[in-house]
Ligand SMILES: NC(=O)C1=CN([C@@H]2O[C@H](COP(=O)(O)OP(=O)(O)OC[C@H]3O[C@@H](n4cnc5c(N)ncnc54)[C@H](O)[C@@H]3O)[C@@H](O)[C@H]2O)C=CC1
Ligand SMILES: O=C(O)[C@H]1O[C@H](OP(=O)(O)OP(=O)(O)OC[C@H]2O[C@@H](n3ccc(=O)[nH]c3=O)[C@H](O)[C@@H]2O)[C@H](O)[C@@H](O)[C@@H]1O
C-alpha cells in the first residue's frame, strides 16, 4: 500500500530545532503546508519580521526562510488552529533538566511535552500522526499515547512516532540538508508502520532512502540519548588526556590526531577544549544517568555521570590555570574573554563554558572584557546574573564590559582567554593586540585555535604550550619519587 501522503504539517515549538527543521521541510517539500507555532509571541514576531531578523542565528537559515515564508511556511501563535488543520504534528518543545521535585538536577522536565500533548488531545477532531521531535527519556511515547487515547474523540486516532533530531547548532541547515541519518521509531503494529512510512515519505523528498532508519519506538528514543552521550564522552576523554599532556609535555592535538587516524576511532569530535557546552549534552547525559538509576543500574549511572564530572573538572582546571599563571591572583586584573556562545557560528549561550569561566573570574574580583560576534548584550547580562546569584546586576556591570571587537576587549588587559572557536579570532591583529596589553601578556587558548608558535614569537605567553616547558620537570620529578623511601 502506498504511504499516506501528508499535505499539512504543524510543528509545536519554534526554537532551535522546530524552526530550522520545519523550515527545511517546507523548502524541500513545496507541496506540504508547514506551520510552526509557539506560545512565545516575541519569538513568532521575530520569525515573521519583515527584515528577516530571525530569533536564532544559524548560517543559511535566513535564505531558507526567505524562500518559503508566506509560500508554504507560516509562523503563528494560534496553536489550536494549527492542531485542527494538521495531519502530522511535530512536538519540538523544550525538555530542560528538572529544577525541583523528584529527579531534580537529573531527570528531564516533561511538563512542556505533556502540556502540548494534552492540547493536541483536547483540540483535535480528526486523526493525527504525533511525532516526538524533542529529546525525551525512553518510553515517553507511551505516556503521550496514554494521554491522547484517554482524551480522544470518536473516529479520531493518534499514532505516535519518535523522530529525534541530530542537527548541531552552527551547522543546522547543512545537517538538515544532508543528514547522516534520519531515525524514525514506531510501534511495530500495522498502524505504527503505516505512520512511520508516511513520515519517511516526507523525508524521502531529499534524504536518500538508505539514510532513513526505521526502528522500534524505544530504540529510537534511547538512540538519541546514546548518541549525545557518546559524542560528549569523546570530548571528555580527549579533555582528560589534555590534562596528562599538559603535565608531560605531550601535545593534545598531536595525540588526538594520531588516535583519530585509526579508522575505528575516526578523526571527528576529538578537539580538546575548555569543556563542552550547549543545551543538550549535559542535560541528556544527566537524563541517561537518571534513567540508569531508576532502572537500578548504579554502575551504569556512575559511568555516564563521570562524563559530566570530567567536563566540570576541565572548566575548573582552566580557570585555576589562569589564576595560577597570573601569579596566583587576578584580583583587580583585567582579562579579555573572546567568545560567549557555547560554540562558533551560533548566538546560543546555553551552558556555555564561557559563562562558568567569567563567573570564576568575577568571584576572584577580576575585571572582564567580553567580545562575541553574535551574542546580544542583553543575553550576556541575563546569563551572568543567573550564574552569579550573589551579585547584583549593577555590581556585575562594574566588573564587566561588553566590547565590539577582540582588539577593543584586549586593550590594557593582562590576559586573553579564548572561550569560543570563532574563526575571526584566528585572524585578530595579534601584533597590535600585543602592543596594547600589559606585560607579560598571556593568551589562554581554551579552543586550541590560534597558532601558539606565532603568538609566542610576537611575545605572548601562550597557554597551554608554554606551560609544557614550565611544568615538565617538576611533574616528572613527582612521578620519579613514587615508591622511593621518604627518608
Ligand atoms: N538545540 C539543539 O540543537 C537541539 C535540541 N534538541 C531537542 O529539541 C527540543 C527543543 O530544543 P530547542 O529547540 O533547542 O528548544 P527551545 O527552547 O529553543 O524551543 C522550544 C520552544 O517550544 C516552545 N513551547 C514550549 N511549550 C509549548 C507549547 N505547549 N506550545 C507551543 N510552544 C511551546 C517554547 O516557547 C520554545 O520557544 C529539546 O528537547 C532538545 O533537547 C535536539 C537536537 C538538537
Ligand atoms: O541534541 C543536541 O542538542 C545536539 O547536540 C550536539 O550538537 P550541539 O550541542 O549543537 O553542538 P556540538 O557541535 O555537538 O558541540 C557541543 C559542544 O562540544 C564542544 N566540542 C565539540 C567537538 C569537539 O571536538 N570538542 C568540543 O569541545 C563544542 O565546542 C560545544 O561546546 C550534537 O552534536 C548534535 O548531534 C545533537 O543533535
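Quick reminder: no glycine exception, Cβ is built from N, Cα and C everywhere.
Annotated features, as they stand in TrEMBL:
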type: ACT_SITE; residues: 280; note: active site, nucleophile
type: BINDING; residues: 13-18, 38, 43, 93-97, 134-135, 169, 280-283, 350; note: NAD(+) binding site
type: BINDING; residues: 165-169, 224-228, 264, 271-277, 342-343, 447; note: substrate binding site
type: DOMAIN; residues: 336-452; note: domain 'UDP-glucose/GDP-mannose dehydrogenase C-terminal'
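Feature map: annotations from TrEMBL on the structure.
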residue: 13; record: NAD(+) binding site; DSSP (3 states): coil
residue: 38; record: NAD(+) binding site; DSSP (3 states): coil
residue: 97; record: NAD(+) binding site; DSSP (3 states): strand
residue: 169; record: NAD(+) binding site; DSSP (3 states): coil
residue: 225; record: substrate binding site; DSSP (3 states): helix
residue: 275; record: substrate binding site; DSSP (3 states): coil
residue: 280; record: active site, nucleophile; DSSP (3 states): coil
residue: 342; record: substrate binding site; DSSP (3 states): coil
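In the structure as shown, the Cβ atom of residue 342 (substrate binding site) sits within 10 Å of 25 other Cβ atoms. Within 10 Å of the C-beta atom of residue 272 (substrate binding site) sit 25 other C-beta atoms, taking all shown protein chains into account. Confidence in the domain 'UDP-glucose/GDP-mannose dehydrogenase C-terminal' (336-452), given as mean pLDDT, stands at 97. In this structure, the CA atom of residue 16 (NAD(+) binding site) is 10 Å away from the CA atom of residue 168 (substrate binding site). Taking a Cβ distance under 6 Å to any atom of ligand 2 as the criterion, the binding-site residues 38, 168, 169 reduce to 168, 169. Separating the Cα atoms of the residue listed as 'active site, nucleophile' and residue 228 (substrate binding site) is a whole-number distance of 8 Å. Among the binding-site residues 13, 38, 94, not one has its Cα within 10 Å of the Cα of residue 225 (substrate binding site). Neighbour list (residue 275 (substrate binding site), Cβ cut-off 8 Å, at least 6 residues apart, same chain): 239, 311, 312, 314, 315, 318, 353, 356. Among the binding-site residues 169, 272, 275, 342, residues whose Cβ is positioned under 6 Å from ligand 1 are identified as 169. Reported as a whole number, the C-alpha separation between residue 228 (substrate binding site) and residue 97 (NAD(+) binding site) equals 15 Å.
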